[in-house]
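TrEMBL has this to say about the protein:
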ACT_SITE  His148  active site, proton acceptor
BINDING   Asp149, Val152, Gly154, Asp156, Ser158, Glu169  Ca(2+) 1 binding site
BINDING   Thr272, Asp322, Asp330  Ca(2+) 2 binding site
DISULFID  Cys117-Cys195  disulfide bond
DISULFID  Cys150-Cys155  disulfide bond
DISULFID  Cys201-Cys399  disulfide bond
DISULFID  Cys278-Cys310  disulfide bond
Amino acid sequence: MKTKRDSGGPAMSFSSSSVFQTSLRIRVILQMGLSKSHLTLLHGIFQRIWMFYKRPESVSFISTTKLVLTFIGLYSTKREGVMAIKNLVALVVILSVVGVSVANPKGLDLNYYKHRCPDAEAIVRSVTVQYVSRQPSIAAALLRMHFHDCFVRGCDGSILLKSPNKDAERDAIPNLSLRGYEVVDAAKTKLEKKCPGVVSCADVLALVARDAVVHINGPWWPVPLGRRDGRISRQSEVNLPSPFAGIAALKQNFFAKGLNTKDLVVLSGGHTIGISNCGLVNGRIYNFTGKGDFDPSMNPSYVRALKKKCKPTDFTSKLEMDPGSVKKFDSHYFNVVAQKKGLFTSDSTLLDDPETKRYIDTQVQSAGKSFAKDFSDSMLKLGFVEILTGNKGEIRKRCAFVN
């Protein structure tokens, strides 16, 4: 993130997004001196500032500092919290000015569209909020779509491509239940009117997934931009982590994409807002080994509850992956898995590995203390998987078709 001097005088200025992003990157430092409630407050302050600025323009050092302190005055009640946060806000501002940024090893940039399409993020956010406000469950669908995109040919928007022969990625069996394409298309249409041929569909999808999760009060994560769109989408190449897979296969899937075991268990936590169907679980509860039995790794009481919802021939009824908490993005999913109530084999098997089980136990014992930050970090990593930059790929005019 670059700093500059205002053209009208010597006061420093910096991007509003820089303040918010920097505040999140130094949360580990903040944890040494603030209670959880104060950290939550500080996060909320900067999120409100980010929403206040509708576009990533530079604002003066003084006005931003005053705005920060105004929010503190509005939302703080404890004097010691106010004083601590005021001091730390000053640190955040200083670090933003001198240029603290997210690690960017592959050519992406948080300010990639700053000059060519400065309203890009605001446009995507506006469209996303419009759709998610009407249908909150689509947030989970958009997050899933981004994940599926990144795991096949990288985060290149290839999941969005249509094929006249029905042999593109979106036509593969695991992707037939994907939804939310209309959100990406709507955002892209608005972007093309404002900045034709500038913003990639891959970047739109990455932003839409983040903004959808944030709108349902989930964690925020930085989305460095500059991805290019892929021109190839093949059904035959779809090899996603399977809901029926054991821990060894899942780890292999993640390792192949440069992700680690912690990323596996953390991103599985996204199932907290997930919706599935009886067709993917009937085998586990009715005929696991071909003898009319159920998966012994499942809690018997959970099996009984599932059988009430899913008859043997029912393959379409919807099931919550985090019963009782599916509308809230939180760490409750790990409580469910710890109770042996994971809906998929891929959920239950997280208890079969020492590292993933330890993470689950920690989140249960701490009421998800680190989950939001961990999820943000893993989503940031996911967004770098096998990306196209520079002269590779293209910038599609329409997300469903190559140029």
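Cβ coordinates come from backbone N, Cα and C, glycine included.
Positions of TrEMBL features highlighted on the structure.
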residue : record                       : contacts (Cβ under 8 Å, 6+ apart)
Cys117  : disulfide bond               : Leu191, Lys194, Cys195, Val198, Val199
His148  : active site, proton acceptor : Ile159, Glu169, Pro174, Asn175, Leu178, Leu240
Asp149  : Ca(2+) 1 binding site        : Cys155, Asp156, Gly157, Ser158, Ile159, Leu160, Glu169, Ala202, Leu205
Cys150  : disulfide bond               : Lys257, Leu382, Gly383, Val385, Glu386
Val152  : Ca(2+) 1 binding site        : Ser158, Ile159, Glu169, Glu237, Val238, Asn239, Leu240
Cys201  : disulfide bond               : Gly157, Leu160, Val184, Lys188, Asp229, Arg396, Cys399
Asp322  : Ca(2+) 2 binding site        : His271, Thr272, Ile273, Gly274, His332, Tyr333, Val336
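Within 10 Å of the C-beta of Ser158 (Ca(2+) 1 binding site) we count 28 further C-beta atoms, all protein chains included. Take the Cα of Asp330 (Ca(2+) 2 binding site) and measure to each of the recorded positions Gly154, Cys278, Cys310: the nearest one is Cys278. Among the listed disulfide-bonded residues, namely Cys155, Cys278, Cys310, the Cβ with the most fellow Cβ atoms inside 10 Å is that of Cys155.
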